[in-house]
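Features reported for this protein in Swiss-Prot:
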- 25-45: transmembrane segment (TRANSMEM)
- 73-93: transmembrane segment (TRANSMEM)
- 97-117: transmembrane segment (TRANSMEM)
- 134-154: transmembrane segment (TRANSMEM)
- 172-192: transmembrane segment (TRANSMEM)
- 197-217: transmembrane segment (TRANSMEM)
- 233-253: transmembrane segment (TRANSMEM)
- 261-281: transmembrane segment (TRANSMEM)
- 286-306: transmembrane segment (TRANSMEM)
- 335-355: transmembrane segment (TRANSMEM)
């Protein structure tokens, strides 16, 4: 919005010329997201407490979690506001990639909001059924991917980290593959959100990593030099990534151990869906497995646990997702959280190194 309002005035007021610079708008998207979080955060928490939107704690989980009973949830509403408002203020709103990513983030946020509202406000412990949630996720992901492929004419080739000449064209198979990336990322972040600050830290690190990759993808010279896929217009997503980073850090202010508020499904589903969409647009889908390695391991731990119990009658872990396994082994919650952050930082550095290791 500010880009469209103020940049045209640059011919008369040179100061407004800064709005043409993507780096300037990205930095201020981060700052704006932080301000939105800090200004609205206390108010959102009070409203959630007034609604009695309190987290329901599983009795079969770690005993240390029982003290968290009554902590407000649905804090993802604050995250959504901290992403959407800065993006609308600082991004080029004629960019179709920006709108596609916002569509997925808000759409998945609505699915999560509905599920959370039914569980914690209407006191319906089942919330949305797994089929209903999956149907909604697939529908939104399918609409986004079809728009990108058929309207934007996005390439259906796949890029592999470390291999500069390996670009297989999936053709029609790319559509279900891209949908799987978006839906899988959304649910993986959702599964990771089980400890104070455990999910939001890696999400912010992932968003910062994709900020770099969106900037490179949208720059013809840089993408050619680094031999990465060139996606005209993708650079504008750096603004949205900046908003995600700021929203993540801002929410962590309230979600750090011991948490004042939880993000709920409204936050985790939308953030994961946003990361998946960024990966699809930048043609860095496989890279998400690296930088989002913590999310991948969390999701796989659940899949392996369920599969092992169903077919062998035995559990692999004491409890899944795997962060609960470490809790039951006696590792302190803050230590698990910080170690997962450290692992994510290392994985982000490995992901960035793929720009040169080809």
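FYI, residue positions are counted from 1 along the chain as it appears here.
Using the three backbone atoms N, Cα and C, a Cβ is placed for every residue, glycine included.
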Legend entry - Interface present between the transmembrane segment (25-45) and the transmembrane segment (73-93) (three or more C-beta pairs under 8 A): yes
Inset, instruction - Residue list, the transmembrane segment (197-217) vs rest of chain: Cβ under 8 Å, 6 or more residues beyond ends. - result: 22, 26, 79, 189, 223, 226, 228-231, 234-238, 241-242, 244-245, 248-249, 251-252, 255-257, 259, 263, 267-268, 271-272, 274-275, 278-279, 281-284, 287-288, 291-292, 294-295, 323, 336-337, 340-341, 344-345, 348, 351-352, 355
Legend entry - When counting Cβ pairs under 8 Å to the transmembrane segment (335-355), the leader among 134-154, 261-281, 286-306: 286-306
Inset, instruction - Please work out which recorded stretch in 172-192, 233-253, 261-281, 286-306 has the most C-beta pairs separated by under 8 angstroms from the transmembrane segment (134-154)? - result: 172-192
Inset, instruction - Sort out for me which stretch, of 25-45, 172-192, 233-253, has the most Cβ pairs below 8 angstroms to the transmembrane segment (261-281). - result: 172-192
Legend entry - Two-stretch contact, the transmembrane segment (25-45) and the transmembrane segment (233-253), at least three Cβ pairs under 8 Å: yes
Inset, instruction - Grab the same-chain neighbours of the transmembrane segment (97-117) for me: Cβ-Cβ under 8 Å, and only residues 6 or more beyond its ends, written as numbers and ranges. - result: 53, 73-74, 76-77, 80, 83-84, 87, 91, 127-128, 133, 136-137, 140-141, 143-144, 147-148, 152, 182, 186, 231, 233-234, 236-237, 239-240, 264-274, 276-278, 281
